[in-house]
């Protein structure tokens with residue numbers, strides 16, 4: 001139906017007859033001559049319909065925005081002075097000899113050339129939103145990423161293997177999406193949160209090197225960087241250690257950025273332990289473009305009279321720290337109050353601060369409600385440790401280490417963004433030596449920091465049961481500009497070690513056998529040492545194209561309420577379907593009457 005895409009139209013084709021297909025982006029009637037900007041996936045071309053081409057002119061006169069057209073004509077140079085330097089085809093135009101209206105369009109609910117469009121409207125009419133060049137660019141960039149990744153891993157000897165989408169429910173840290181079985185009433189499949197167990201079984205099977213670009217599903221509360229279904233670049237290999245896994249993944253990411261953006265990332269990527277990241281930045285995914293760091297003050301505050309600081313410093317897992325903001329003394333009280341409210345989101349019960357107006361005037365050079373509660377010697381040491389200078393402000397956190405880290409760590413990011421402190425464009429970093437376990441105060445038990453199949457570091461094997469809080473994992477995350485883009489670990493390949501980890505998590509032998517019996521059985525048959533990692537494709541593409549959320553790089557995303565505005569999913573189903581599945585709805589569930 002066509003001879004060229006719009007981006008294939010250029011001066012070298014002047015005088016030739018070409019046929020284009022696409023959508024009418026804009027129609028203009030200039031004194032009897034009609035101009036149409038024809039758009040396809042690749043670009044725009046200006047169509048000119050002259051009155052002497054009667055049929056073509058009549059069709060152009062009838063044409064409206066987003067009509068689907070086939071246009072045949074002779075390419076010619078635009079008249080001098082009418083060229084458009086902002087279009088690749090801006091020096092030429094197509095003189096229409098024939099215009100065929102392939103389909104008509106109702107007026108669209110929003111102008112496709114506008115940028116400020118309500119997201120709900122965009123998601124409801126996603127098929128129109130995707131016509132916009134910006135969205136087409138993002139989907140093409142996503143394709144470019146997956147094509148590069150497949151080529152890299154293929155060349156590295158990895159084999160693409162699909163794993164099941166219908167599997168059994170296993171605890172992996174988030175709620176499963178359950179699928180009831182019609183043939184086995186009362187039983188359920190689960191949609192996989194990751195291919196974790198199956199890729200380990202592929203290593204037991206001797207596949208040696210596996211990868212997959214696959215959908216994963218998690219029924220969890222959503223944020224800007226989460227979706228109930230998301231895509232993962234999943235990688236696993238046998239006979240590897242941490243260095244080998246990172247040594248495979250790092251060149252892939254470095255090559256990807258060079259291929260897609262023409263950017264040279266550092267070689268090698270810097271590394272940082274989890275402990276160091278939390279101590280310096282308060283988070284395990286630090287944005288290293290941000291020059292701000294936390295300063296440790298816990299030891300200083302154990303003997304002060306200021307109760308808020310002293311009690312936090314004396315508690316077993318307490319912390320007192322400060323965040324120095326250069327030039328922050330200019331912040332208004334309203335801005336400080338806004339930051340106080342921001343840290344409250346993370347559990348902080350207040351945000352103490354000191355403005356440093358002058359360093360050579362002792363306490364007189366400091367402005368703060370808390371200065372009078374702290375000895376001059378302590379204040380002097382705070383200024384020394386933090387490297388404070390005149391014109392700075394110090395923000396303080398005093399509570400459990402968890403609350404202080406989350407509050408000041410996130411405040412660090414917020415302040416840097418507000419004040420334009422970010423330096424550089426791309427700053428990757430590997431975070432290593434994660435704790436094996438986190439303590440869940442609500443459930444009063446240890447939980448896996450990553451997942452229960454992560455191997456502990458060798459020196460902690462014997463003390464897992466007695467001292468789980470100090471055990472470190474053979475785990476690693478890759479962080480880019482404050483975003484965790486990938487993570488993985490060396491896996492447990494010996495049943496005795498797996499049983500120790502289950503025991504530390506409070507998973508007894510019977511429960512382990514019930515939930516993971518197939519994995520434990522596989523470990524009997526010569527499982528090789530193995531490990532891997534996974535990258536979040538959606539988040540990676542979001543960063544590469546500068547989008548604000550991963551919803552902007554997924555063709556048909558869900559909302560933050562896990563719904564689809566386009567299809568209105570999730571939806572209700574017929575009573576007959578529920579009866580076949582042996583499901584009865586509670587009264588009031590789903591907005592209807594439960595089936596009999």
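Quick reminder: no glycine exception, Cβ is built from N, Cα and C everywhere.
These features come from Swiss-Prot:
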{"type": "SITE", "residues": "30", "note": "site 'Important for tRNA non-discrimination'"}
{"type": "SITE", "residues": "81", "note": "site 'Important for tRNA non-discrimination'"}
{"type": "BINDING", "residues": "172, 218, 450, 491", "note": "L-aspartate binding site"}
{"type": "REGION", "residues": "196-199", "note": "region 'Aspartate'"}
{"type": "BINDING", "residues": "218, 219, 220, 227, 484, 536, 537, 538, 539", "note": "ATP binding site"}
Determine how many residues of the region 'Aspartate' (196-199) DSSP places in helix, in strand and in coil.
4 helix, 0 strand, 0 coil
How does the model score the region 'Aspartate' (196-199) in terms of mean pLDDT?
96
Do you know offhand how many angstrom separate residue 30 (site 'Important for tRNA non-discrimination') and residue 537 (ATP binding site) by C-alpha?
47
When distances run from the Cα of residue 220 (ATP binding site) to each of the recorded positions 81, 450, 491, the nearest one:
450
By CA distance, which of the recorded positions (81, 218, 450, 491) lies nearest to residue 539 (ATP binding site)?
218
Restricting to the chain of residue 491 (L-aspartate binding site) and a gap of 6 or more, list residues whose Cβ falls under 8 Å of its Cβ, or answer none.
200, 203, 453, 454, 455, 530, 531, 532
DSSP-derived structure type at residue 537 (ATP binding site), helix or strand or else coil:
helix
Tally every other Cβ atom lying within 10 Å of the Cβ atom of residue 218 (L-aspartate binding site).
22
Using DSSP and three states only, what is residue 218 (L-aspartate binding site)?
coil
Which one is it: of the recorded positions 81, 218, 450, whose Cα lies the shortest distance from the Cα of residue 537 (ATP binding site)?
218
Three states by DSSP: which one describes residue 30 (site 'Important for tRNA non-discrimination')?
strand
Please report the Cα separation of residue 450 (L-aspartate binding site) and residue 484 (ATP binding site) in Å, rounded to an integer.
13
For the C-alpha pair, I'd like the distance in angstrom between residue 484 (ATP binding site) and residue 218 (L-aspartate binding site), rounded off.
17
I need the most crowded of these binding-site residues: 220, 484. Count other C-beta atoms within 10 angstroms of each C-beta and give me the top one.
484
Please report how many Å separate the Cα atom of residue 218 (L-aspartate binding site) from that of residue 81 (site 'Important for tRNA non-discrimination'), as a whole number.
57
